[in-house]
Ligand code: GLN
């Protein structure tokens, strides 16, 4: 079984921390993200967290939004000790309603007659003293973003109104003595243009948090943490894919424990063109990482043969084969490591888990389901007995990129588009054969090459060529052909939850189409996918 490691000095013990308690809003992680943007460290826990279980005292607490209604039976409620802790509290949307529900003795919140989604104009009311601090420096009339159906029907005792919209007379409230604030709108989304100022007012001025969370400090601290965790004899193994997360995690391990970190790259036969070679070059030569490349492409491709129209089956075959190979390699590396003077059994597995994955595992989903086990590399078998080490588990994707830059990883790699674990197998709709892999790879390579040449790579979040399982008629050199169809897909997104297709100009698409049809044997047509997510997904399978 993989077990999670308890860090010796977690960041919340070193940095002033704002604790965000999550009631299940889609935007909770953005609150944490925004605070870190102005160098205040923040962590998120499920709203059911018990204060007595914390090993630190936060500088302030934010109660997030959520899909429930406080007055419903079974609605989540925060540990009441939160209100007696004596640190400032900010309730956002459901969080505001939760505060009002608590101080209003389970009354004062009801279903509103009018739901309020989208933009609203907020006007502020000044009272003097700490009550005004939340909106300090903001215009008296600001645009905010709303997403609620319930509203406060009356004010709990000791609170005053500090902001209102035409639809919400209590859109902002503050306790007259204590530093407690509630707002009905969402300051964490970009649609509330001055939201960040408000969050800063709360964290820095009201909670008096230091603004000293920086990537440089994170690196030093993380290296020290890894060293004390692993000891001076321990070995760590980890899979690398050439993607930004695994590369950054591997580089951090290299800095911390040198060659006692063993990176394994499995060539599954469905990587991008020249990818295995490139990854080897970058990681081994460029970053000095102790890397073993296993070419298992034949095994993967043999096992994929015959799977025609069940994408899930493809994913499973690839996942299971990966585990077989990785496990085998881990045994060999452990045996070799055992014979060296600094030997020890390999007892640690590196994983590039990011904060959004952790959040997903921790989120409030119902009283009996607070914590799910973390995803690991396709579920490694119990008898591997590895302990997890997750140096990126407190970071968001763009923070991982900043960390990559800090560690001297080159920009091209740091800004690489995400690539799925099952590789281009799920971009080949239909059966994955060596010939189909060739076609999909070559077409993809041309598309990405042109995107880079046009200077568009960073404007696009993810782009690839997919091979459709149909044939079309074409005419090439006066000859009738009956060949395959490539579908290009390129999307823009900030969080990969929703995405829109990229509006290339016609000349660009013409160029890509002409090159693919001319240069890739077996393709006679190119189409561009103009489906957003939802209803589409980013990948096609
Ligand atoms: N469910 C509550 C409402 O509709 C809170 C919504 C929210 O937090 N976004 O008012």
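Every residue gets a Cβ built from N, Cα and C, even glycine.
Going by TrEMBL, these are the annotated features:
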BINDING   241, 242, 243, 244, 245, 246, 247  ATP binding site
DOMAIN    213-416  domain 'GMPS ATP-PPase'
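In this view, residue 247 (ATP binding site) is surrounded by 28 other Cβ atoms within 10 Å of its Cβ, with every protein chain counted. A 10 Å cutoff on Cβ-Cβ distances gives residue 242 (ATP binding site) a total of 19 other Cβ atoms nearby, all chains included. In this structure, residue 245 (ATP binding site) is part of a helix by DSSP.
For residue 245 (ATP binding site), the count of additional Cβ atoms within 10 Å of its Cβ stands at 20 [all protein chains shown]. Listed in sequence order, 397, 400, 401, 404, 413, 414, 415, 416 are the same-chain residues at least 6 apart in sequence whose CB falls under 8 Å from the CB of residue 244 (ATP binding site). Around residue 243 (ATP binding site), the same-chain residues six or more apart in sequence whose CB sits under 8 Å from its CB are 352, 416, 418, 419, listed in sequence order. Other residues of the same chain near the ATP site, with their Cβ within 8 Å of the Cβ centroid of 241, 242, 243, 244, 245, 246, 247, are 240, 248, 249, 352, 413, 416. Taking the Cβ of residue 246 (ATP binding site) as reference, residues of its chain lying under 8 Å away and at least six apart in sequence are, in sequence order, 238, 239, 240, 352. The average pLDDT computed for the domain 'GMPS ATP-PPase' (213-416) is 83.
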